Ligand SMILES: [Zn+2]
């Protein structure tokens, strides 16, 4: 007689197999595979010609300021990125100064603060995070030019307005996240140990993301022998806490709406974003093709400097964002061979929501790579890549 556990799993298998619609297991025909390959290329072409929505206004084309900026940009393809940061400087800094100067410490002050926060965040948060991201990977203004100081705006001046302590992003994202590609134990923001379709696991990740990072980041830099960065991260954090304390003493309303609410909101979005981008991770030897996924031809890509091409970004973090669609087209067969997951007409945010809701079949319908897998095989790949990963957590 078969042991009870074997019987139950056999019954469960029969039940789950019976509940799988027969066409889900059907291998795609050559024509269907070719159609998906073409859909990949079409999606990348659409991303290539889509309007840039990261900024609202630019300097008059051909005017003095426009030409001046062109002469200082390290790479002319970063004009939209400059415009995005310039817009934030022109709109959000005066609004924050206004809040400091005029907000009373009462309910009207809170109303002003809420107005400031909503305007600032709705207009700029999404695009700013990605502008900070890409300008941390590649220098924005030329070294030695008269606008070189503008390189400091995103990581030092605008950062605390968006809930990120000044000077910390480079260490967190470039040194910790990219050098260790979402792998434990070095990348403290790694998603590997979690069951990544479980909201409770995400809640733990989010809590750890913003509470422990103040200690973990300097500790990480020290352990990998980056002593200067470790020391500087302590200095930057001390300055940030002083700024919070002084502002609170000056006017609690300004501190709440100008610093604390942005901090809580952004840290949640950063945790949600990083968890989402590394929600599908293959166990075993990590490969960038299978430790993240691509979102093609979606609205998010027009607000985020094509952030959907995350496999390409991890493969080569120096690759210019404007080159993602073309590079994807060149590597489309490799994406399929490597079983990288690519979805069309959906961004990371919605893809994550589908994963948490267990709607992998809906996501499978949006998958264009790997195109040689049946719908059921795609679901199985996704399920396998959601499982927690254990590694040796000892740091040398
Ligand atoms: Zn990056």
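The backbone N, Cα and C atoms fix where each Cβ goes, and this holds for glycine too.
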Given 84-102, 179-197, 274-292, which one carries TrEMBL's transmembrane segment label?
-> 84-102
Quick one: sort out which of 53-74, 229-250, 251-272, 295-316 is the transmembrane segment according to TrEMBL.
-> 251-272
Among the recorded stretches 84-102, 108-131, 199-217, 251-272, which has the greatest number of Cβ pairs closer than 8 Å to the transmembrane segment (152-171)?
-> 251-272
For the transmembrane segment (84-102), distant same-chain residues with Cβ under 8 A (at least six beyond the ends) | 54-59, 112-113, 116, 119-120, 123-124, 127-128, 131, 135, 140, 150, 153-154, 158, 161, 250-251, 254, 257-258
